[in-house]
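Report on the structure given below.
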Amino acid sequence: MKKKSRKPQHKRNRAKVEAPVEDEPAAIKNAPHSFVIRRGERCSSISRLSRDFRRMMEPFTASNLRERRINKVKDFVHLSGFFHVSHMCVFSLSSQTLSLKIIRMPKGPTLTFKVYQYTLAKDVISNSRKQFVDEECFKTAPLVILNSFSGEGKHLKLMASTFQNMFPPINLSTIKLSSLKRCVLLSYNPVSKLIDLRHYSVTVVPVNLNRGVKKLVTRNIPNLGKFEDIADFVEKGHLLSESEADDEEAHVVLAQNLKCGNLAENQSSLRLHEIGPRITMRLMKIEDDLMTGEVLYHDYIEKDAIEVEALRKKRAQQRRLKEQRKHKQEENLKKKENDKKEHRAKTSKQGKSGEITEQDKLLLKDAEEAVGDISDEDDREYYRKEIGDNPDEELFESAGSGNRKRPFIPKGSNYSLKPKKPRMDKRKQYEEDDRLARQDGKRRGNEGKDKKGKAGKFAKKGMGDDFRGKSKYNGGKKNNTGGRKSGGKKSSKRK
């Protein structure tokens, strides 16, 4: 038996239900978000450095941000409001230097740093003696530590506040120590004016414990093949080797319980593992606006108060002209829209009512004056004066009575107003020529037949008598028979 074919079941048109959009918590909305992009010349190490910087700024950064060459900084500025972006870091590479710009969105200020040295995260981890990278530590924001930013100068205070505001603030009363798994260290050297940026992973290890117990508590279970019992491992723990020695300055007393045997009100040791990247940079200038404002601070260029005032006035004038142009463009747009509305209302009203407005009347009057009245009296009078006789009635009759309006020509037709050329039918002429040619051929044929008997077999149609059979000169004597025979033989040999 043949299997029954299954008929396709038509899907029912179900109404699409949109997924409910959950609002983000206020803590996430108010947290500082960032964009990290690169500009200028293309370099693989700079792109890798920007990715490492994004990883350092996690979790409140666009880690999978895609940028293209056609994208401009203005495009990212337009998107910053939708994604609650507060800072934008731009790595710009030129033929001479590498710079880092930290921009406070959306209206500045902009801090420009010159990068002297940098090391990628993969190089930092590969060169470390004890490599330690915990992926879970990137789920929480790092702790910011500033060193030597308390000197004189407004630019130092602005730098310190900018670095602190790039990361979410910490509330000591509600913070959980388990969430502090990373730290970012920024150290300022007042002599060289260089800023060193380092990125560390933080681990906590209990103190005053047997090494064997410490290894079991911290989940680093060693090889127990040399011991018969677990008690032997605990008792002989002092014989085990440990890679890192405890520093007394790193001992702290915890206020909360942590994992891996770290209890509250007990001493524990803090250990830092550098995970990169490393950046050594120097502040070059501070701008008021978004990369194009007034220069508030410059590292090696100083200007007098007069020059600063002149630049401020020039910038204010440019801003004023820009506002005027913008205001004028808005007025022109409004005027065009109003004119369109009036024209639309006017045409719709005229089409419905069929009335002629004053403007249309003026246009019709001008057209009548331009055309004028069509009369033949002037032409007749001119003819009488010049010729001296009355003109015929038919001479000016067609001009006055004729309709000067052009006929309506439908679209796509082959009709033309130009007069058609007369058809030249040459068929009769060709037939007459053929008839005359046939008669001429018959006449020539009859003449050749008559001359054939006289000239012999070598005579041809249309050939003259002077060239027939004359192959030898006979001294002017007339010998028709001899000349014909000898000439005939010689001519046949030549052929």
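Heads up, residue numbers simply count up from 1 along the chain you see.
Heads up, the Cβ atoms here are built off N, Cα and C, so glycines get one too.
Remember, predicted model here, so these are calculated numbers, not experimental data.
What TrEMBL lists as compositional bias 'Basic residues' is 1-14 (among others).
Per TrEMBL, the feature region 'Disordered' maps to 1-23 (among others).
Residues annotated as domain 'Brix' in TrEMBL: 32-292.
Counting residues 6+ beyond its ends, the transmembrane segment (76-94) has Cβ neighbours under 8 Å at 29, 32-43, 46, 49-50, 53, 57, 62, 100-106, 162, 165-166, 290 in the same chain. If you look up TrEMBL, you'll see 76-94 marked as transmembrane segment.
Residues or ranges marked as compositional bias 'Basic residues' in TrEMBL: 317-327 (among others).
Among the features that TrEMBL reports, region 'Disordered' is placed at 317-495 (among others).
The list of residues near the compositional bias 'Basic and acidic residues' (328-342) in space but at least 6 beyond its ends in sequence, with Cβ under 8 angstroms from a Cβ of it, is empty. What TrEMBL records for 328-342 (among others) is compositional bias 'Basic and acidic residues'.
The feature compositional bias 'Basic and acidic residues' is assigned by TrEMBL to 358-368 (among others). Same-chain residues lying 6+ beyond the ends of the compositional bias 'Basic and acidic residues' (358-368) with a Cβ under 8 Å from its Cβ atoms: none.
Per TrEMBL, the feature compositional bias 'Acidic residues' maps to 369-380.
Feature annotation from TrEMBL assigns compositional bias 'Basic and acidic residues' to 427-450 (among others).
Residues or ranges marked as compositional bias 'Basic residues' in TrEMBL: 451-460 (among others).
Under the heading compositional bias 'Low complexity', TrEMBL lists 472-483.
The compositional bias 'Basic residues' annotation in TrEMBL covers 486-495 (among others).
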**Complete:** On average, residues of the domain 'Brix' (32-292) score a pLDDT of 84
**Fill in**
Across the compositional bias 'Basic and acidic residues' (328-342), DSSP labelling yields 15 helix, 0 strand, 0 coil
